[in-house]
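Shown next, in structure tokens, is the structure this report addresses.
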Amino acid sequence: MMGDLGDNLRGFINNRWLVFVAAMWIQSCAGIGYLFGSISPVIKTSLNYNQRQIARLGVAKDLGDSVGFLAGSLCEVLPLWGALLVGAFQNFVGYGWVWLVVTGRSPLLPLWAMCILIFIGTNGETYFNTAALVSCVQNFPKSRGPVVGILKGFAGLGGAILTQIYAMIHSPDHANLIFMVAVGPAMVIIALMFIVRPVGGHRQVRASDGFSFTFIYSVCLLLAAYLMGVMLVEDLVDLSHKVVTVFTTILLGLLLVPIIIPLSQNFFSDPQVPLEEALLPEPQKLEARRSQQEIQEVIFSEVEEEKPMDVDLLPALERRKRIAHLQAKLFQAAADGAVRVKRRRGPRRGEDFTLMQALIKADLWLIFFSLLLGSGSGLTVIDNLGQMSQSLGYDNTHIFVSMISIWNFLGRIGGGYFSEIIARDHAFPRPVAMGVAQLIMAVGHIFLAMGWPGAMYIGTLLIGLGYGAHWAIVPATASELFGLKKFGALYNFLTLANPAGSLIFSGAMASSIYDYEAAKQAGTHHPGQNSWATFSSWLMLNEPPKCTGSICFFLTSMIMSGLCIIAFFLSMILVYRTKMVYANLYGKTPA
């Protein structure tokens with residue numbers, strides 16, 4: 001009996017579903033950046049900052065949230081628990097010091113030092129993200145889409161979860177939210193850091209895994225619906241502290257529900273002989289396949305050189321027969337050694353790349369720029385959602401912020417699910433799903449541009465879904481094309497597309513167009529006046545001019561729609577280039 005219990009405990013500790021659930025809980029703490037809007041008012045009031053100084057802290061937060069080179073590198077040289085500990089330490093020191101300054105327990109620091117502290121604190125998220133994704137993608141090599149989508153979804157919901165927990169422990173001193181941001185995630189990470197690791201999950205495949213994913217998806221949908229309902233009720237009704245406590249207790253209970261899967265597998269079900277899910281083909285088969293591919297590459301190039309000029313002028317059926325005959329002759333020549341096969345240097349698509357090897361590949365840059373245009377346009381809407389809704393006459397902007405957070409979460413869940421169907425069930429390139437998400441976003445931007453009645457709700461829905469889908473599809477695609485060995489570094493390079501897109505489209509373009517239209521409405525812009533003079537006149541105003549009407553973001557939204565269409569075509573180029581890779585990965589012949 002004791003022996004069985006010990007075996008069950010060992011199986012539970014090494015169960016890949018336990019690792020997945022622990023990674024979901026860690027990702028729930030990785031939404032620190034989403035709380036900046038809640039902690040910035042107390043920083044502004046306590047330190048007597050103006051809005052421009054707060055904006056600089058916001059830039060430091062965005063950079064800390066996206067610059068993950070160090071996290072990716074440390075995940076390659078340290079055990080994952082070590083990387084998680086570094087992230088928890090950064091989170092604790094960065095936001096802990098900010099809390100000490102805000103509450104007067106530490107001397108005041110210059111603005112640049114506060115920016116560094118915000119950067120360090122938020123940068124801890126990149127360690128949580130990287131460790132969770134690296135471990136779970138290795139444990140679920142043939143279910144990367146659902147796994148990445150669910151994990152990134154929980155990261156998107158992290159801000160809402162932490163906000164709800166703070167509402168339960170609410171105190172009159174709002175600086176305590178900063179203390180919770182500093183201490184709470186660090187405690188969770190330290191408690192779970194030894195669980196989140198690769199456990200040979202490809203050898204733990206069970207027939208019940210499909211049901212387990214369905215159960216997790218159901219919990220995610222229930223969690224999203226519950227949070228949406230709680231946000232609406234708390235926003236519209238003045239609730240007592242006891243009711244808020246009940247709401248938060250139910251939320252924590254929903255977060256604990258997924259632990260049922262590893263518990264049931266190890267303690268409440270009959271032992272099953274697990275199947276094995278190959279991480280890579282066996283060496284002999286890999287070499288045989290590689291040799292066959294090399295021969296085919298040579299054959300195709302030789303056919304192009306050897307075929308007579310008049311072959312291309314023949315009818316299609318006759319041309320195919322002639323080329324097939326020539327290929328057969330060259331295959332025989334290759335088998336007899338008459339055709340010399342040259343081996344290509346470096347890894348092929350689907351094998352393990354280093355970051356430097358991947359940087360010289362067109363596929364990586366297609367992913368990067370497609371992500372920059374698609375995700376960057378979505379982040380522009382998220383950053384300007386308050387002004388967008390105000391310009392269209394909505395007084396309560398919080399409802400749209402809450403809505404786009406939920407749709408973002410559902411987009412990540414749905415993007416992972418549908419991209420997995422495309423890749424695993426049909427062996428078609430996963431970036432197809434990214435192209436679909438970009439078309440959805442293009443339509444959403446058009447709704448926002450037109451400003452029709454109710455368009456804000458539809459536009460928020462479409463852009464939230466499309467933006468979220470990017471962050472489920474891109475990491476899974478990168479791991480399939482460039483391997484798992486250096487996945488942390490590759491993933492953190494691709495995340496740089498987010499702040500780059502925000503800086504170009506939101507920081508430069510959207511704000512300039514908005515200010516131009518606001519100045520026209522205020523009568524401060526005159527034909528022939530240069531932009532610097534106009535900008536200088538705006539700075540002299542005590543209150544920056546406000547723009548009203550759909551014209552404020554019409555041009556911005558139409559440009560964003562066009563950029564999403566360009567991103568769609570980049571995704572389709574990537575689809576064309578990688579059809580054979582996905583056919584080899586998932587064992588089917590591409591159409």
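Backbone N, Cα and C define each Cβ position, glycine as well.
The following features are taken from TrEMBL:
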- 16-263: domain 'Nodulin-like' (DOMAIN)
- 359-520: domain 'NFD4 C-terminal' (DOMAIN)
- 20-43: transmembrane segment (TRANSMEM)
- 63-89: transmembrane segment (TRANSMEM)
- 109-128: transmembrane segment (TRANSMEM)
- 149-169: transmembrane segment (TRANSMEM)
- 175-199: transmembrane segment (TRANSMEM)
- 211-233: transmembrane segment (TRANSMEM)
- 239-261: transmembrane segment (TRANSMEM)
- 358-379: transmembrane segment (TRANSMEM)
- 399-419: transmembrane segment (TRANSMEM)
- 431-450: transmembrane segment (TRANSMEM)
- 456-478: transmembrane segment (TRANSMEM)
- 490-514: transmembrane segment (TRANSMEM)
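Residues 49, 54, 57-58, 61-62, 64-65, 84, 91, 95, 98, 102, 114, 121-122, 124-125, 128-129, 131-133, 135-136, 139-140, 147, 150-152, 154-163, 166, 174-175, 177-178, 181, 184-185, 188-189, 192, 195-196, 255, 258-259, 261-262, 401, 405 of the same chain, all 6+ positions outside the transmembrane segment (20-43), place their C-beta atoms under 8 angstroms from a C-beta of that stretch. Among the recorded stretches 109-128, 149-169, 211-233, 239-261, 399-419, the one sharing the largest number of Cβ pairs closer than 8 Å with the transmembrane segment (63-89) is 109-128. Spatially, the transmembrane segment (175-199) is not adjacent to the transmembrane segment (490-514); fewer than three Cβ-Cβ distances between them are under 8 Å for residues at least 6 apart in sequence. Below 8 angstroms of C-beta separation, residues 349, 431, 434, 437-438, 441, 445, 463-464, 466-467, 470-471, 474, 477-478, 481-482, 486, 490, 493-494, 496-498, 500-502, 504-506, 560, 563-564, 566-567, 570-571, 573-574, 577-578 of the same chain, each at least six residues beyond the ends of the transmembrane segment (358-379), sit close to that stretch. The transmembrane segment (239-261) shares the most Cβ pairs under 8 Å with 211-233, out of the stretches 149-169, 211-233, 399-419, 431-450, 456-478. Same-chain neighbours of the transmembrane segment (399-419): 34, 37, 145-150, 152-153, 156-157, 159-160, 217, 220-221, 224, 227-228, 231-232, 235, 381-382, 385-386, 388-389, 430, 432-434, 436-437, 456-457, 460-461, 463-473, 476, counting only residues six or more beyond its ends whose CB sits under 8 Å from a CB of the stretch. Looking only at the domain 'Nodulin-like' (16-263), the predicted model's pLDDT averages out at 85.
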